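Database features, via Swiss-Prot:
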type: COILED; residues: 483-510; note: coiled coil
type: DISULFID; residues: Cys317-Cys379; note: disulfide bond
type: REGION; residues: 65-223; note: region 'Spike head'
type: REGION; residues: 247-478; note: region 'Spike body and stalk (antigen domain)'
type: REGION; residues: 388-408; note: region 'Hydrophobic'
type: REGION; residues: 509-775; note: region 'Spike foot'
Amino acid sequence: MASLIYRQLLTNSYSVDLHDEIEQIGSEKTQNVTINPGPFAQTRYAPVNWRHGEINDSTTVEPVLDGPYQPTTFKPPNDYWLLISSNTDGVVYESTNNSDFWTAVIAVEPRVSQTNRQYILFGENKQFNIENNSDKWKFFEMFKGSSQSNFSNRRTLTSNNRLVGMLKYGGRVWTFHGETPRATTDSSNTADLNNISIVIHSEFYIIPRSQESKCNEYINNGLPPIQNTRNVVPLSLSSRSIQYRRAQVNEDITISKTSLWKEMQYNRDIIIRFKFGNSVIKLGGLGYKWSEISYKAANYQYSYSRDGEQVTAHTTCSVNGVNNFSYNGGSLPTDFSISRYEVIKENSYVYIDYWDDSKAFRNMVYVRSLAANLNSVKCAGGSYNFRLPVGEWPIMNGGAVSLHFAGVTLSTQFTNFVSLNSLRFRFSLTVDEPSFSIIRTRTVNLYGLPAANPNNGNEYYEMSGRFSLISLVPTNDDYQTPIMNSVTVRQDLERQLSDLREEFNSLSQEIAMSQLIDLALLPLDMFSMFSGIKSTIDLTKSMATSVMKKFRKSKLATSISEMTNSLSDAASSASRSASVRSNLSVISNWTDASKSTSNITDLVNDVSTQTSTISKKLRLKEMITQTEGMSFDDISAAVLKTKIDMSTQIGKNTLPDIVTEASEKFIPKRSYRVLKDNEVMEINTEGKFFAYKVDTLNEIPFDINKFAELVTDSPVISAIIDFKTLKNLNDNYGITRMEALNLIKSNPNVLRNFINQNNPIIRNRIEQLILQCKL
């Protein structure tokens, strides 16, 4: 049977781990790495060993002891100590505001008897009587409060370190006085502190007032030893001046440069516009049921002005971590239902790939120091009308999330024409008001953003921000780095898969039913399934491994694993307490194991809900206990094989996704039956149920307890020809009991005979199954 391919994928998935391990060991053992000598390997490759140049840092670290500076005249800043080092006798400094403050400090060497000395202060000759009987230097602070007054000695500092200090702070001028090492500070008043200027005749240092304790230490104990060597050269005070320049958001900075390569830092402010893509798929039938409402990747191209430059940008928006919701209004064909609709919430992420035509993206291959900062944006959903043929329409309305920047990486965007190295911005989500509801249903006050109408009529959502990166680019600006050298993070196959899905779905009309039945009866294996793509055995093995890696994470593989565990648990429970077994316990094996006995009792009353729950696991039961009849998976695998052979776009990279998706999505509307003597019990995935006699095809009451017992003990059969088709066939053509029994058992030979006879009812049923094989 063709469905053998699915069983092989389920049972052989374990070999993938072993294959990966062997491949990794082989790679480690045989990998050769060659690095050519010299600064660069080849001109078309990046440097073998490249490092960053100067790293700009906006953090300003203020030194404790800044200097020494050469003698100068300037207006000292407030809140900074001037520490002046006198290396000879005479005037150390002069300071005035030309209104109420004149002061000068005179240095006198040790052991000087009382005498008169001449000094030039503020351009005038002044004579002072000085004396120093100590072994230390003395610094006389001479002061006057007006231009007509005479100087007088206000303070004296006795020091063997030959250091004096001066500070403008708090409307006063502060200096040191006393004798080291116990000198202290004192101050003089002035009404015009800011206009005080100073003429310094010796080398000096600058110390912030926040480090006044250090200044006190230097006055009393001397400068650090390093400041007293001949290697310390005083600088001009102009070297301290800083040219303030407002940083440009958009700029290109050359970090380092050689003959072939240079490092460029690109700073850019950006405007990101994006929109969500979605897909709404309606089930066939009367028009009351929807199959899927899901998010899809969406491209958006736009232009905006940046510093007078017109920029063309391209974004791709995709989502990850979606939450699957469903709504089932009942089992009748006219009951409204949605099999699955996606909602993004707090556990979801939104990815926006951004590219523009500026220099920053031209050679964005070797990148480091990537950083970004973006604003948040709120996305509020709109309304979507489920247009039913009759009655008032349900409306999905509302829902909102806020996007918050969470990181940036490199990526590759695939447009219709070219692949682009771009930036991928990652956003975390928080739910926001309003909540969403499906009006005229029980679904109300849920939070998140559903995929029905995420753009709410807006052409795009917009956010602003900036990014910075350092890129290694060719020194020649006209040279384009080959895209083949790209080390971007991701290779996105979504565009290829989308084209392949369209091709696969269009091939359904070209499948011959007689050949399909023959193919469905063949035991397909890995080689025969993939031989239509590549003829060599080695490539087929590699493709089979890739398919198994993808398939083991599929819903089918996960469901088989969960069911095996559930049945094991149920068997062990039954062996421990065999006497407790009842119909309800049998039913619980086929319903949600987490429900309590009381809940199951309530569910029995709703036969439609119960049968719908059971039918979802009958595919797994049929796959575990294979019968001789044809199954839906045989047809599914045969259609898959046929389309693979007919496809012109299938390839090694897309095959794993296609096989896995086909196993989950081909023939979603299935019916299963169990046969006991002359009675048949049949249910389908939509919750419909029938019980009827084999010989007359007349309906009888459906007993769910009996059905649960039969499912446990009897084989499950795919209802290829369901009860509705059987009834129609019997009413129009008349069939014998043996033909009816063979069709009930899905006998492939009988099916082939009816198709070869061009029976329109059977052919139409098989055609409908083929048309359900869509991606």
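Along the chain as shown, the residues are counted starting at 1.
Note: Cβ is positioned from N, Cα and C throughout, glycine not excepted.
Predicted, not measured: the structure shown is a model, and the values here were computed from it.
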Measure the Cβ-based neighbour count of Cys379 (disulfide bond), defined as the other Cβ atoms within 10 Å of its Cβ. 22
Taking the Cβ of Cys317 (disulfide bond) as the centre, count every other Cβ atom within 10 Å, in any protein chain shown. 26
With DSSP as the reference, give the number of residues of the region 'Hydrophobic' (388-408) in helix, strand and coil. 0 helix, 14 strand, 7 coil
Mapped onto three states, the DSSP assignment of Cys317 (disulfide bond) reads strand
Once DSSP output is merged into helix, strand and coil, Cys379 (disulfide bond) belongs to strand
What is the average pLDDT across the region 'Hydrophobic' (388-408)? 90
